[in-house]
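Annotated in TrEMBL:
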type	residues	note
DOMAIN	A:3-145	domain 'Aspartate/ornithine carbamoyltransferase carbamoyl-P binding'
BINDING	A:55, A:56, A:105, A:133, A:136, A:261, A:262	carbamoyl phosphate binding site
BINDING	A:83, A:166, A:220	L-aspartate binding site
DOMAIN	A:152-299	domain 'Aspartate/ornithine carbamoyltransferase Asp/Orn-binding'
C-alpha cells in the first residue's frame with residue numbers, strides 16, 4: 001500500500017482486495033460486545049472537514065476510535081479558516097500537533113494531493129470537490145461483494161449526476177480494477193467531457209440497461225454544485241433517470257440498489273425503493289465504518305514509513 | 001511463512017535437519033489429546049482455539065483425535081492475534097488472519113490455545129489480550145507442537161509436543177499436510193533461509 005489514499009486509481013487490484021479482505025475480518029468486530037481493538041493506540045487521526053458531512057465524518061471517527069486511535073475533529077466553520085487561514089498553514093498546525101493521519105474533505109479538487117506534500121502523516125481523501133471519494137468506492141465495493149460474492153464480470157450501472165460526483169469517478173476506477181463492468185447512465189449535460197477516457201460504458205437510456213444490471217447505484221443530484229440549468233425540470237429528470245417501482249421491476253431477482261447518501265427521496269430514488277430489501281443504503285453506512293477501519297489499519301498499523309516533507 | 005515443498009527438500013539436503021517427521025507429529029498430537037482429556041477430566045467444557053495458520057490445523061487434528069478416543073465433539077475455532085501484537089510498528093501492516101469462534105462462544109469454557117511453535121511467548125500474550133475482548137473463559141491453557149525456549153515473557157505451555165533446545169540463531173519451520181503438503185518440523189541454521 002502507498003502511504004496516502006488520495007485516488008481510487010492509486011490502488012492496485014492486490015491493494016484493493018487486501019483492503020476488502022481486511023474489512024471482511026474487521027466486520028466481525030462490530031458484532032462483538034467489545035467493539036474495540038488496541039491496534040492504533042497512541043496514534044492521532046485528524047478529521048479535517050472543510051465541507052459539510054455527516055456520515056463520512058462520523059464514519060471515520062467511529063473507525064478510528066474502534067482502533068483506539070485518538071481523534072481530533074476539525075471543521076472549517078468556527079475555526080481559524082474562517083479568519084482566512086490557508087490550507088498550508090492549517091496543515092502545518094496539524095503537523096506541529098503530531099497528526100499521524102489526516103482525513104480531509106475539501107471543496108477544491110486536488111486539495112488532498114497538495115496536503116500530502118505538506119504533512120508527514122498519511123493523507124486520506126474523504127472527498128475533494130468533484131474529483132474523488134475513494135473510501136466511498138471501497139465501501140460500495142465491499143457492500144457489493146457481500147451481497148453478490150466476487151465482482152469479476154458483474155454489471156454495475158451508475159445513474160445520475162456523474163458530472164458533479166466524486167463517488168462516480170472513484171467507483172468507476174475501483175470497479176474497473178476489481179473486474180466489474182460499469183455503465184454510466186445520465187443526461188448528456190451531466191456527464192464530464194472526458195468520460196470517453198474512463199474505463200466504462202455510457203448510455204442515455206436507463207430502461208435498456210436495467211435488465212442486465214447486477215447493481216444499480218443512484219447518485220444524488222447535487223444542486224449545491226449546479227450553477228447552470230443541466231436539465232429542464234426536476235420532474236422530467238425524475239421521469240427519465242429516477243428509480244421508481246416500475247423500473248425496479250425490470251431488475252433481476254438478486255440485483256441490488258445502492259445510494260451513497262444523502263438521498264433526495266422522490267427525485268433520483270423513490271421512497272419505496274430506498275426502503276425495499278434490495279436497497280443496501282443502510283448497510284452501506286455500517287460497511288463504511290468497517291472499510292475505513294481497514295484503510296486506517298493498513299495505512300497506520302504497520303511500521304512508520306517515514307515520509308519526507310517537501 | 002510460505003514455503004514450497006522444493007524449499008523443504010533442498011533444506012533437508014543441506015544443513016537443515018528434521019526434528020519431527022510425518023508420523024512423529026501425529027504421535028505427539030495423540031499424546032497431547034490424551035493429556036488434554038486427562039487434565040480437563042474428559043474435555044467436557046473445552047474449546048480448542050488455533051492461532052492461524054498452522055495452529056488452526058493442529059487444533060482440528062486434536063479435535064479429531066479427542067472425538068476418536070472419547071466420542072466427544074469438541075468445538076474448534078481460530079483466533080487471529082495480528083491486531084493485538086506488540087511488534088506491529090516494526091514491520092509494514094500485515095494481512096489479517098481469520099477469527100472464528102464456536103457459536104457457543106468462550107464464556108465459562110476452558111480455552112486451549114493451540115500454536116505450532118512456542119518461542120518468545122509474545123504471540124501467546126497477544127492471544128490472551130484478544131481473548132479478553134471476546135469473553136471470559138473459565139481457564140486458558142496452551143498447547144504447542146514445538147517449544148523452542150527463549151521465552152521473553154512469563155508464559156509456559158500446558159501441553160508440549162516436543163521440547164526443542166535451540167539457539168536464537170536457528171530457525172524452526174513447521175510443515176503441515178493441510179498447508180504445505182507434508183508433515184515435518186525442521187531445524188535450520190541461520191543463513192539457510
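Backbone N, Cα and C define each Cβ position, glycine as well.
Please treat TrEMBL annotations as automatic predictions, because they have not gone through curation.
On the structure: features taken from TrEMBL.
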residue : record                           : contacts (Cβ under 8 Å, 6+ apart)
A:55    : carbamoyl phosphate binding site : A:261, A:262, A:285, A:288
A:56    : carbamoyl phosphate binding site : A:105, A:126, A:127, A:133, A:135, A:136, A:288
A:83    : L-aspartate binding site         : none
A:166   : L-aspartate binding site         : A:127, A:128, A:129, A:130, A:131, A:132, A:133, A:136
A:220   : L-aspartate binding site         : A:160, A:161, A:165, A:259, A:260, A:261, A:262, A:263, A:264, A:268
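Fewest other C-beta atoms within 10 angstroms, among the binding-site residues A:261, A:262, are seen around A:262. Here the domain 'Aspartate/ornithine carbamoyltransferase Asp/Orn-binding' (A:152-299) returns a mean pLDDT of 94 for the predicted model. Largest Cα-Cα distance over the residues recorded as binding carbamoyl phosphate, namely A:55, A:56, A:105, A:133, A:136, A:261, A:262, equals 16 Å. According to DSSP, residue A:105 (carbamoyl phosphate binding site) sits within a strand segment. Residues in the domain 'Aspartate/ornithine carbamoyltransferase Asp/Orn-binding' (A:152-299) partition by DSSP class (helix H, G, I; strand E, B; coil) as 65 helix, 24 strand, 59 coil. Within 8 Å of the Cβ centroid of the carbamoyl phosphate site, not counting the listed residues A:55, A:56, A:105, A:133, A:136, A:261, A:262, the chain contributes A:53, A:54, A:59, A:126, A:127, A:167, A:260, A:288.
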